[in-house]
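Q: So TrEMBL lists the following for this protein:
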type	residues	note
DOMAIN	4-53	domain 'Lipase'
DOMAIN	68-139	domain 'Lipase'
DOMAIN	176-270	domain 'PLAT'
Amino acid sequence: MLVLLKVEDVNCINLDWINGSRQYIHAINNLRVVGAEVAYFIDVLVVRTTLNYLESLPYCTPTPSLWHIVGLDPAGPYFHNTPREVRLDPSDANFVDVIHTNAVRFLFELGAGTVNACGHLDFYPNGGKHMPGCEDLITPLFKFDLNAYKEGKYFLKYESHCWRHKLSVKLDGNNVTQGSIFLRVGGTTGKTEEFEVASGTLKPGMTYTNLIDADINIGNITSIQFLWKEHSFGRSQNKLGAEMVTDISGKYAYKSTFCSQNIMGPDTAQILKPC
């Protein structure tokens, strides 16, 4: 995307659908919904702006009002020889051109990319199969070919000794006060950890975010308790609570959201539920 902006002044839209595309089969099943949402979004843009060019996902996004779609290596498995309604097709835009570079067949006569023509113009550099520098497509799937790597430096990979969580707390309460807020978090591994999210001035309505490296692997979060401590002496009438807590963690940025409408005094745990 940054390269495109260096070449010319354009509007770039980045689509993050990692939660629906972690595995290929899941991505295939979710793709029509994602494509329909993108098409609706683009329709809104077309109505309000002049949209002449789109470098698209390598799949069908049915928006006939588009002028130009570039298909970059449309996928083969589960799209090869399928009806045009579920794949990239000339009817998707006024002009569709496609570049095929990864259609070499390696499993049941299929490649990672499709060899089928699916645009007004289809380009097949080197026959669409064998690209310079990509002679061996199978070996990297199973082992490392040491001769193919010029650096000559290799390292053993160990499991990480810390697990990062991005925790955000939207605070609720009856007054601004000084104190610290904590989250007691439990996860799918059966382990529990307590994190300090913020300290200092605590103002209801504000959202406090912290990146925290945990010493143990909690897994995906299944339970959250909110707790706060006040930095003052004497009996307090202040009450605070977590209206919403969001956690983003793990290799695939798994997101968990928990909510509550309660507010509590200091040193009293508030239990949140998934929302």
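Positions of Cβ are set from backbone N, Cα and C atoms, glycine also.
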Q: Over the domain 'Lipase' (68-139), what is the model's average pLDDT?
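A: Here the predicted model's pLDDT, averaged over the domain 'Lipase' (68-139), is 79.
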Q: Taking DSSP states H, G and I as helix and E and B as strand, how many residues of the domain 'PLAT' (176-270) are helix, strand and coil?
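A: The counts are 0 helix, 58 strand, 37 coil.
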Q: Based on DSSP, tally up the residues of the domain 'Lipase' (4-53) by helix, strand and coil.
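A: Split by secondary structure, the domain 'Lipase' (4-53) comes out as 32 helix, 0 strand, 18 coil.
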